[in-house]
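According to TrEMBL:
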- 12-33: transmembrane segment (TRANSMEM)
- 45-63: transmembrane segment (TRANSMEM)
- 70-90: transmembrane segment (TRANSMEM)
- 96-117: transmembrane segment (TRANSMEM)
- 129-147: transmembrane segment (TRANSMEM)
- 220-248: transmembrane segment (TRANSMEM)
Amino acid sequence: MEKEVVISAARQALVCFFFSNVTLIMCFLSGEFLGSTSELWALKYWGPAFYFCLINFILKYLYKGFIYEVSIRASGLGAVMAVGFYLVFFDNGLKVLGLYIVALTFFHFSEFVAVALTNPRTVTIDSFILNHSVQYAVAAVASWIEWTIEFYFFPGMKTYFWLSSVGVLMCFGGECLRKSAMFTAKTNFTHTVQFVKHPDHQLVTHGVYAMCRHPSYVGWFYWSIGTQIILLNPVCVVIYTLVSWVFFRERVYAEEMTLLAFFGSEYAEYQRKVGTGLPFIRGYIPENVKQKVKDEHWSY
């Protein structure tokens, strides 16, 4: 895709995301500043739905094709983040749900923008990674179900806000590390394991890559666990940790097979000097070459 089109799409995403977010937040907070009459109640709760529909109608009228698809997703993520911001002001378990929503929506939005700015030739609608995989969707729904059950039967479980704050810090740190990796690697970063070495494909070993071989995976690993600590989901914290570890163990192994094929001894030397960054994950090294790789780890 042409760079100019992608940059334009990134700008459009930023505008739609923040406009939708700010508009809905203003609706939600109107009752807090102006009172709670029946008319303001309608503005507070029906207003966001009305404005969201209006925004999407305008986008549908003004834009077509790729720009429209980007706009509608960015607008939707901005609207959902506004709901999260509103819930953060509650003093019960809804507060942690709000923090989780903010972390989740920002992750998906920033993922698209980061790819658009660093590697525009690879940008697609899938760069939002909203449809990452069936497993990703199942994991998300499972966390929502656990939060709902525990909030209903054991509401006190969801009020350890200090612990939820630890999850916020993990998500923030994971986001920063992942995005730093993307901006450091630039065109060398993709969401898919590459089979063919492009002429401009280089081995990146500076910046955050000097600290660990797979900073983007490390960031995502701790971000995913952090989301469940935010929600105070004890069951999903354990499950997410185990499942994420298995996923990245196999993904790193698959990716390093291709990196060794691309860069040979240069990458082997890099492996000897720098670890993967993921706990107890060694990657594809001479002492660990019999690990099996599932087909899905060669794709998105």
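Cβ atoms here come from the backbone N, Cα and C positions, even for glycine.
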CB contact flag for the transmembrane segment (220-248) and the transmembrane segment (70-90), at least three pairs under 8 A: no
Contacting positions for the transmembrane segment (12-33) when only residues 6+ beyond its ends and CB under 8 Å are counted: 40-41, 43-44, 47-48, 51-52, 55, 59, 63, 67, 70-79, 81-83, 85-86, 109, 112-113, 116
Contacting positions for the transmembrane segment (70-90) when only residues 6+ beyond its ends and CB under 8 Å are counted: 9, 12-14, 16-25, 28-29, 48, 52, 55-56, 59-60, 63, 97-102, 104-106, 108-109, 112, 125, 128, 130
